[in-house]
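Here is what Swiss-Prot records for this protein:
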type	residues	note
ACT_SITE	Glu132	active site, proton donor/acceptor
BINDING	Arg104, Ser105, Ser106, Leu107, Gly108, Arg109, Asp122, Thr130, Leu131, Glu132, Gln151, Tyr165, Lys172, Gln176	dCTP binding site
SITE	Gly119, Tyr120	site 'Important for bifunctional activity'
Amino acid sequence: MILSDKDIKKYLEERKLVIHPIDDPQKQIQPSSVDLRLGNSFLHFKVEGRAYIDPTKDNPQDLMEIIEIEEGKPFFLRPGEFVLGTTIETVKLPDDLVARVDGRSSLGRLGIIVHATAGYVDPGFCGQITLELSNINRVPVALYPGMRICQISFYKLTSPAETPYYKKAGSKYHNQKGPTASKLNIDFCVKEDK
């Protein structure tokens, strides 16, 4: 079951669901979702001179540089470019809700993709949402910090998760702040017995 605006407001009022800050509820709360806004930090891959990325050997965090954009200034996403962005809002899900992040239609019509694959948010997650931004247009597109960039919708589980994200061993992105690079390399770390 997808939550309606009425149910979203109820979850927010009862603090079961936290989205902070929501500066303009009239604009941000939609009939069955909440619009989230673009933060001012981006992670950009430093790929010059690299033939490929090997997640079993490379630490993606070492391959990225942070770009900070001043308020009111645009970030130009070039054709074919891929960067990580973040939402301004921090989202905290209760143990009985799953969330789905999707791009806004208006940006999709400009060729902006908001997430490559990771649109699913587990019950019990808390943190800012990392956005996997790319431009499939043939011209650069200006993105402004503070603009509504994506929408998050909420699905009620049949029962609360037995092991929500914050209790799950290996929850790599819990309490993330800002754009967060891939931690896939952790999956390949082998602990040796001594």
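A Cβ is built for glycine as well, from the same backbone N, Cα and C atoms used for every other residue.
Feature annotations (Swiss-Prot) mapped to structure.
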| residue | record | contacts (Cβ under 8 Å, 6+ apart) |
| --- | --- | --- |
| Arg104 | dCTP binding site | Asp35, Val114, Arg148, Ile149, Cys150, Gln151 |
| Ser106 | dCTP binding site | none |
| Gly108 | dCTP binding site | none |
| Gly119 | site 'Important for bifunctional activity' | Arg100, Val101, Asp102 |
| Tyr120 | site 'Important for bifunctional activity' | Val98, Ala99, Arg100, Val101 |
| Asp122 | dCTP binding site | Leu93, Val98, Ala161, Pro164, Tyr165, Lys168 |
| Leu131 | dCTP binding site | Leu38, Leu84, Gly85, Thr86, Thr87, Val101, Val114, His115, Ile149, Cys150, Pro179 |
| Glu132 | active site, proton donor/acceptor | Phe82, Leu84, Ile113, Val114, His115, Ala116, Thr117, Ala118 |
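Reduced to three states, the DSSP call for Gly108 (dCTP binding site) is helix. All chains included, 19 other C-beta atoms sit within 10 angstroms of the C-beta of Gln151 (dCTP binding site).
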